[in-house]
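Engineer: Once you've had a glance at the structure underneath, I'll fire off some questions.
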């Protein structure tokens with residue numbers, strides 16, 4: 001066993017320096033075989049032999065076995081192990097309790113300088129010479145805390161006056177003693193990769209212990225390097241903390257702007273009062289309410305207008321039907337009278353029948369004329385109680401089986417406008433002939449009746465296009481996909497077309513014609529060359545590849561127009 005001096009921090013110093021009142025003498029028991037300090041657990045746990053000696057667990061496992069027994073290394077007494085071996089030997093609990101007290105409990109009356117916490121939270125250290133005084137300096141040679149008065153008294157001799165005394169703030173760190181070799185201070189750090197033990201080591205650990213042959217460095221430079229990295233990390237953490245705090249403040253401000261709240265303001269006479277400040281959420285809700293209120297008002301007006309159109313149609317239709325009822329009543333009365341007159345004539349004698357010949361002839365001629373008129377009226381008038389209703393995209397109502405749409409077909413000369421028109425009208429191919437003036441045809445498709453105006457595309461006729469814009473609901477612009485050199489000219493004319501105020505709300509359908517010709521531009525290429533996404537921004541437009549000869553793609557274009565123009569299909573209202 002060896003004698004160590006343990007201070008309050010658990011660090012040991014040489015026993016030759018026991019004269020300081022800031023230290024206490026404590027007997028620390030070591031294993032008598034390996035001379036390592038006993039531990040509370042692990043391989044260095046103290047275990048009792050039958051003879052009363054204590055040896056660490058690790059050394060007991062290394063002793064030679066004599067059957068099922070071992071001999072004490074000190075007095076050679078035999079101890080039976082039993083089935084459990086060394087694990088079955090009792091631990092020295094008295095020694096374990098002492099070790100635990102040394103590690104966790106206070107040192108005693110001769111312990112290191114007592115520290116206490118002041119009211120302000122700062123550490124207060126008592127003077128080692130006079131505990132009534134507060135220490136202000138530290139003697140690095142005596143390792144004592146002293147007040148200024150005691151420092152002068154205790155170091156008044158020439159020998160002790162040479163001791164270095166520093167303020168408590170500059171007190172050097174006390175050396176930490178090695179846990180395995182407590183008489184030696186920790187001086188090195190192990191840098192060996194894969195080392196499983198603690199990196200701290202003394203000179204004995206470095207030369208002879210578990211760190212023998214390991215890479216190492218001196219403790220102080222290694223600690224200073226780690227401190228420098230910690231300082232850098234602390235600076236980064238402070239910067240990061242400031243960024244987080246700034247971002248958090250911004251988040252708080254954003255939340256306040258969204259939620260709104262009460263704000264203290266001053267009026268004209270300097271009186272402070274609270275005022276509600278609406279947030280962006282409340283403003284957004286108000287905007288939505290206002291928008292849908294206006295939308296509701298607009299829909300109500302459109303509903304009233306649509307109902308008035310239906311009422312007018314019903315009123316006119318009922319007036320006409322009642323007029324037809326009156327006409328049919330009169331006609332039926334006349335026919336009945338003529339029939340009755342004929343029956344009476346049949347009952348008279350021959351002379352009177354002969355005399356009534358001319359009258360009967362005129363009566364029959366009148367009946368034949370009335371029958372012919374009735375047949376013509378009945379053939380042209382369909383007696384149907386349904387009221388077909390169609391709604392446009394702008395919520396206007398159209399009554400009738402077909403909704404009429406005015407369409408203007410424009411484009412450069414030779415693009416195939418007239419060919420497309422007659423293919424849709426008569427489903428037959430027409431040889432290209434330059435259009436002088438215009439062509440107009442009606443094309444019925446689904447529940448729509450397109451009135452299509454085909455205007456000539458020669459350069460001298462293009463200024464006349466503007467005369468056909470009035471009340472136009474859709475523009476069909478035809479492009480010749482096979483003539484690359486005229487795409488820029490088509491782009492120029494289309495750009496002029498889209499600046500017309502009368503066509504501001506008109507739909508734009510672009511037919512990329514002659515897709516059957518070899519080398520024709522694709523729809524994507526024409527879209528790019530005409531800059532349609534930029535040119536038609538804010539407008540409802542669509543480009544459709546087609547072939548006027550075969551009709552490919554033409555009805556797909558009409559389908560798009562139908563979907564854009566009609567909000568709902570034809571509704572039969574009984």
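Note that Cβ sites are derived from N, Cα and C of the backbone, with glycine treated the same way.
It should be emphasised that the depicted structure is a prediction, and the values quoted were computed from it without experimental measurement.
Take a look at what Swiss-Prot says about it:
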- 411-418, 454-458, 513-516: GTP binding site (BINDING)
- 352-379: coiled coil (COILED)
- 390-574: region 'ARF-like' (REGION)
- 31-76: zinc finger (ZN_FING)
- 122-168: zinc finger (ZN_FING)
Engineer: Take every residue in the coiled coil (352-379), average their pLDDT values, and give the whole-number result.
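Structural biologist: PLDDT averaged over the stretch: 85.
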Engineer: Short question: which residues 6 or more past the ends of the coiled coil (352-379) have a Cβ under 8 Å from it?
Structural biologist: 331, 334-335, 338, 341-342, 345-346
Engineer: Under the DSSP assignment, what numbers of helix, strand and coil residues are found in the zinc finger (31-76)?
Structural biologist: 9 helix, 11 strand, 26 coil
Engineer: Under 8 Å Cβ-Cβ from residue 515 (GTP binding site), six or more apart in the same chain: what's there?
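Structural biologist: For residue 515 (GTP binding site), the qualifying residues are 481, 545, 546, 547, 552, 553.
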Engineer: Taking every protein chain shown into account, which of the binding-site residues 411, 414 has the largest tally of Cβ atoms within 10 Å of its Cβ?
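Structural biologist: The most densely surrounded of these binding-site residues is 411.
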Engineer: Rank the binding-site residues 417, 458 by the number of other Cβ atoms within 10 Å of each Cβ, and give the residue at the low end.
Structural biologist: 458
